[in-house]
Amino acid sequence: MWTAGGRSRAAWPRALLPLLPLLLAGPGGCLRRHELFPFGPARGDLELEPGDDRVSPALELSTALRFFDKTDLRSVYVTTNGLIATSEPPAAESHPGLFPPTFGAVAPFLADLDTTDGLGKVYYREDSSPAITQLAAECVQRGFPGVSFQPASAVVVTWESVAPYRGPSEDPAQEDQRNTFQAVLASSGSRSYAIFLYPEDGLQFTSTFSKRDQSQVPAMVAFSQGLVGLVLSSDGAYNIFANDRDSIGNLAKSSNSGQQGVWVFEIGGPDTASGVVSSDVNLRPDDGEDYDDDEDYDSVTSLGPEDLGTTPFPYETPRRGDTGTTRHRVLAPSRPATARPARPPTERTRSFQLPGARFPQQHPQVIDVDEVEESEVVFSYNTDSRPTCANSRHQCSVHAECRDYATGFCCSCVAGYTGNGRQCVAEGSPQRVNGKVKGRIFVGSSPVPVVFENTDLHSYVVMNQGRSYTAISTIPETVGYSLLPLAPVGGIIGWMFAVEQDGFKHGFSITGGEFTRQAEVTFVGHPGKLVIKQRFSGIDEHGHLTIDTELEGRVPQIPVGASVHIEPYTELYHYSRGVITSSSTREYTVTGPAAPASIHTYQWRQTITFQECVHDGARPAPPSTQQLSVDSVFVLYNQEERILRFALSNSIGPVRDGSPDALQNPCYIGTHGCDTNAACQPGAGNQFACECAIGFRGDGRTCHDIDECSEQPSVCGSHAICNNHPGTFRCECEQGYRFSEEGTCVAAMDERPINHCTTGLHDCDIPQRAQCVYTGGSSYTCSCLPGFSGDGRACQDVDECHPSRCHPDAFCYNTPGSFSCQCKPGYRGDGFRCVPGEAEKTRCQLQREHILGAAGVTGQRPLPPGMFVPECDEHGQYVPTQCHGSTGYCWCVDRDGRELEGTRTRPGMRPPCLSTVAPPIHPGPSVPPAVIPLPPGTHLLFAQTGKIERLPLEGSTMRKTEAKALLHAPGKVIIGLAFDCVDKMVYWTDISEPSIGRASLYGGEPATIIRQGLGSPEGIAVDHLGRNLFWTDSRLDRIEVAKLDGTQRRVLFDTDLVNPRGIATDPVRGNLYWTDWNRDSPKIETSYMDGTHRRVLVQDDLGLPNGLTFDAYSSQLCWVDAGTSRAECLRPEQPVRRRVLEGLQYPFSVTSFGKNLYYTDWKTNSVAAIDIAVAKETDTFHPHKQTRLYGITTALSQCPQGHNYCSVNNGGCTHLCLATPGSRTCRCPDNTLGVDCIERK
């Protein structure tokens, strides 16, 4: 808690001044709605598409906008959610989430807003008219009296009567509440200002329902620069002005510009590189008292990183032009002037919706003004918003306990678990680490760097042995051998899980696996250094630690084929609050293929920064110095597989006598005092020397950067720009040039014509109404499809039934782009020609009449005991499930009525049989079999005979009114569905041909990828990482795999299968799961994706397990059983079943998303949603066409995080790459010809 008190009437405390606009309503009336900047269609405004989480197309600007330190922003994007973005927001951030976002943002009222069904409108435009620019200039002049500013244009965005997104609970208190507010971005080219306007009664609600937190969250007024940095991106500067209900509610009553409801900020100019500058014209009390801005104030307490996340009020930072005083305020709660120095942007605490990995807390703030002598006015403000365990327990691990303290709360792992409380893992349990590596490395004296990106890193740690195994693939051979000495790249993982000696802690105990690490490697006798930057992000939804690594710099060249040996070594880690440092000198031996061994040395220095919970003063700190002992060091570069491997054994404890570190040489213990850009060279005893690193000059204790670009103006060559960097320089080619293989800039020639029909960048109508015809060069034409009329850019359906083209004795049915005809009752024919009489009887109808006639059964008389009579459907075909009326046995039949082996069930249970006969197609023009492009967002896709439909999801809620057909496929019986989140493709099985097909959700024609060698393909699943397709075949009793284009087929299993159906993949772990509803012995099995390690996962208490799904986010395997009428789940590594819900009707297929399972039901012909957490069916959707529903899958808007060994370069395989846990297997297709395929593990 901190307190500031005033000292006299003329000396109001400086700490109070930032809060006055929120406490006092100044003279004059509130802003009226008609006083807003003019807006609406009559003013030329564009209107944002109605809906939830909408983003406008780019609004191109005639006058460049300055924002923070950027000077050439030429476009902005307007969103429903009270935000203007400087770049297009990614789909994952379409609704309010963590702040700051990854994109630049101006947020006058950041909240989850909704304009669906006419609930408000969002208008926007750029306006260069004198009336508007003058009005903007006057607002800026009022807020910044000493600034001369005349804008060339202004972006005017108005949110008029917008509604809050209320979530599934739909708070009735917000039903009629609407907000109106406005943002104006005025720019002169050299400076830019933001003007926020909140009219009287314009803010009727201050919070909205959060899709992320599933609760009400206050709105926010804020600015954010977005991500910055090309090598290691991090959060740029950001300013949070208000993010609690009180301050949001006072926006219309207060001001920072002297006029109520009007707020002015400088957002771009010479003074905004580190933060937005706020106006400083405060509303005064009516008595007009003066305030002394020069009085100092003290803060009683120092705020830590846990205190910065939700502070709702601005703190003071230096004003433009001031030196040593603090008058003008930069609204930056993330950098209070009284707190300890701000950390780098990579560590800024996020706020608004708070991640579980952070502790965004604040102290209760009390501000009292009780010494105003003349008026005796007493102002007090007290808000106790301190997070407690009661409202923030979710920020602790499920394996931790939460305790409240006077200033906040802390988490600590329970017995048997280790970590920092926010992240806990079982002591001694093996751990996996996954991540990505990218690098830009110069090898030897080469002028051209070796660049690699998106390279996988996988590590496995045997914690109880302290042994870590790390593999990085795919590393180019040109740099692979030269990286062998850098075992510390993976050594940081060994430090995290080193064996702990009594009283000492490894890295995970201290940091919980959430930290940033920067290390520098200086090779003695070799120019240049290597910089290693790593960000550890804690444990992901799969229980794996995640890491991102960047390597940049220069390393000595090691010959191809050489080996590197590293002797056991020790390293001292020095701890202080939030920071761990270490430095050491290491030797390594290089033995070439045809050269003697040589010993080399490098110096190592690293800094690890992390966040601690500061509220528990009694919590023991880690020892100030710990020694990491590393032995059994193994390094290898596999030239064939291009994989770099490190293995180390690690333990942590006290400094051992006799070890090099025990000498306490300053180089080893970090007390040398060398410049940060110098290397410490240890000598005898405590002697040492400081040497400036390559690229710096000085005496070692002070080093200055060498400006290579000034000293060597032609170092980059012609058509190149030289950029100096600390310790080095970078060359960039001028526009229109690119680097050649020799490292020089050459002209870039790429003027090839563009086929806009292929790229989709054309303005023809959607594919189901029009086609784009490429005419050469970059030209194309548009034409409407048959059944539509128009110019090709706008096509309308032709109603062929007016006048009817069918026979007079037939019904005509108009459909989009087509029509169909059907003879009336009492007539037969194709609808174009109908004659009196009934249609010709089918095989099923004839068989049924023959049996009944032979038995003399007519009318409604009961059948004789023991007699079986086949059942026919409405079209005269055999019903796929036939039952014996006397015995109660049921079985499946094919299209000719023959019983399918292995399908007969006991009395009282109906097998889940599939019809192989598609409904009849009436002659005449048909609906074009093209995919209707899918809108953004997550959708459920489900199959009905002859088509696939889509059902949008908003959170976990089915938006049933927006359900539409995705693909018409008449003549097919589509059973299984699977979705590839990478290429946005839907895959299906069709048992009528039989075949397997696919189609792009971006639109276009479907394609059949497999036609031959199929019996009854049913379940289907995709490995989006390995780019493989898996399916079950219940006729051939086998499971197969192929590439996603249908090539390279291989049978995985063809034994011990009777009725395989549902199938699911776990791409990250490399596991495969499937159901077999064998009526004698139903089971759920699993194996690795390569077909090895097959085993039964579930066998007891199953009936007819149909659908199966694996949820990548929760790592749960769930299934629906039509025999037991249950939905159940388990975690495959801990096979303890959980009954989610009982009493289902006849479930067939299932998928998962978020907290829900979604399944199709044959009895109700519906899609039903089950909330797994509360074990309750929460919603159902009945399609317009009431026919049997089959497969269902989730079309995700983005892929789940994770990697496997087949993700990059097909795992180095020549043909099929099949993932396994922690590895992969290369397999050949069954029909491989020749010897070009290599199988290996």
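Note that Cβ sites are derived from N, Cα and C of the backbone, with glycine treated the same way.
These features come from TrEMBL:
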type     : residues      : note
SIGNAL   : 1-25          : signal peptide
DOMAIN   : 108-270       : domain 'NIDO'
REGION   : 274-351       : region 'Disordered'
COMPBIAS : 287-298       : compositional bias 'Acidic residues'
COMPBIAS : 332-341       : compositional bias 'Low complexity'
DISULFID : CYS883-CYS890 : disulfide bond
REPEAT   : 984-1026      : repeat 'LDL-receptor class B'
REPEAT   : 1027-1069     : repeat 'LDL-receptor class B'
REPEAT   : 1070-1114     : repeat 'LDL-receptor class B'
Can you tell which of CYS883, CYS890 has the least company, meaning the fewest other C-beta atoms within 10 angstroms of its C-beta, among these disulfide-bonded residues? CYS883
With a Cβ cut-off under 8 Å, give me the same-chain residues at least six positions beyond the ends of the repeat 'LDL-receptor class B' (984-1026) that come close to it. 760, 766-768, 914, 916-918, 929-934, 941, 943, 948, 966-967, 969, 971-978, 1032-1036, 1042, 1044-1046, 1049, 1060-1065, 1067-1068, 1072, 1074-1075, 1089, 1108, 1191, 1193, 1195, 1199, 1202-1204, 1206-1207, 1211, 1217-1219, 1224
The correct DSSP tally for the repeat 'LDL-receptor class B' (1027-1069) reads 0 helix, 23 strand, 20 coil
The DSSP breakdown of the repeat 'LDL-receptor class B' (1070-1114) into helix, strand and coil residues is 0 helix, 23 strand, 22 coil
In this predicted model, the domain 'NIDO' (108-270) has a mean pLDDT of 86
What is the three-state DSSP composition of the repeat 'LDL-receptor class B' (984-1026), stated as helix, strand and coil residue counts? 0 helix, 24 strand, 19 coil
